[in-house]
Amino acid sequence: MAGEDHQWQGSILYNMLMSAKQTHATREAPEARLRGSCWGCSCGSEPPVGREGQPGGPAVALLYRCCFCGEDHPRQGSILYNMLTSAKQTQETPEAPEARLGGACWGCSCGSEPRVGREELPGGRATVLLYRCCFCGEEHPRQGSILYSLLTSAKQTHVALEAPEARPGGAWWDRSYCAQRLGAREELPGGRPVTLPYRCCFCGEDHPRQSGILCNMPMSAKQTHVAPEAQPGAPWWDPSCAAQRVALKSPQVVCEAASAGLLKTLRFVKYLPCFQVLPLDQQLVLVRSCWAPLLMLELAQDRLNFETVETLEPSLLQMILTTRRQETEGDEPPSPQPPVQPHLVLPSEAEHLPSVAEVQAIKGFLAKCWSLDISTKEYAYLKGTVLFNPDLPGLQCVKYIQGLQWGTQQILSEHIRMTHRGYQARFAELNSALFLLRFINANVLAELFFRPIIGTVSMDDMMLEMLCAKL
């Protein structure tokens, strides 16, 4: 039948019979003539006789019996063969890396060997080399290629947005160096610069970079107008300012001189005959109220001169450095005296120290007395005028005290008339000096001259003890 021409050749029945005959005949063919290399799904064996085409008929697909699976496949190299093998490789390739892991794996682009036929196309034209990843089972470009760099850069861009939640370390204005700059924000087309906001690594919002011009400018116009009112601090010469507190430059010498002056003042008062006739409670009223102006007259008479230095509250770093310097002082040789610097005191001590204005009031009174060149008798009459003050609360013998004050002023006036030609001017100058005593606070004198000696003891207790003691 195969070598003869039939009138039914080309009909449907003829084709069915020929196909059935070939099905039964070709099953033994692969075992009899395995002369070519087999590719698993489309062997290289020769086609059966009479299958290339039919005489006078159209060309048909050339199917071959596979020597492994026993099925018919198109001949290798045809379009249908390439389509089938490509589809089959797509489904079967996830298991391929397990069989040929030839290099170190990088997770998304492993170093395994490329599949056969994927290096380049016929003709030498290079293609993108995709590799089957041994972890995710997908194809990725080879590490180091342009496509690989683009993909990994894009992946890092998406991952970086969630990174701020994993690494909080401080406020965004302290961590501007961690912020990631947003792309295409450098400048507009044409070279015109624009504000450079950066993605904050903590709050996830856009902020200007720290140390930039925008960062140093006020955040709003409201802050610009409010700032002067928000800090209504006193001027630098205000005595209430903590930086203008002062302390004695030589406290030991000055405090000893002031203590000696207080002792002489109490001795002068205690041994006055007109003062001794008063009851002890009335003596305490006079002394407790007048010891400060009496002391100032005594210090002026003794010409006590003192210097002060400004004090500053030390910062935490200064306290640490001072403590460390004191600990290592014994191991170091003595160094030359440094220049005078502001005295550092603790905040609890600084609030009790006198201010510059209060010390200037004390020095102003002393300078006034020294400029008048007051004599010893004038100082004694001035002390009596200050001591016998009838306006003090708690006095019971007011008439007696008032008479003592009037008598002291009369004696002072007679002395001035006898010693000075312009006695009225001299008397006015002495009264102006006494007027300055009103601006001197007794607590300031106690803190400045006596607190380092008596500690927490009050001056009222000191007056009682000195009156009862034998001076």
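Glycine too: its Cβ is placed from the backbone N, Cα and C atoms.
Note that the coordinates shown come from a computational prediction; the quantities given were computed from them, not determined experimentally.
Taken from Swiss-Prot, the feature repeat '1' applies to 1-67.
Per Swiss-Prot, region '4 X 67 AA tandem repeats' is recorded for 1-253. Mean model confidence of the region '4 X 67 AA tandem repeats' (1-253) amounts to 52 (pLDDT, 0 to 100 scale).
The repeat '2' annotation in Swiss-Prot covers 68-134.
Look at Swiss-Prot and you will find 80-84 tagged as motif 'LXXLL motif 2'.
Residues or ranges marked as repeat '3' by Swiss-Prot: 135-201.
The motif 'LXXLL motif 3' annotation in Swiss-Prot covers 147-151.
The repeat '4' annotation in Swiss-Prot covers 202-253.
Same-chain residues lying 6+ beyond the ends of the motif 'AF-2 motif' (462-467) with a Cβ under 8 Å from its Cβ atoms: 263, 266, 270, 280, 283-284, 287-288, 291, 450, 454. Annotation comment: Swiss-Prot describes 462-467 as motif 'AF-2 motif'.
With helix defined as DSSP H, G or I and strand as E or B, the motif 'AF-2 motif' (462-467) counts 6 helix, 0 strand, 0 coil.
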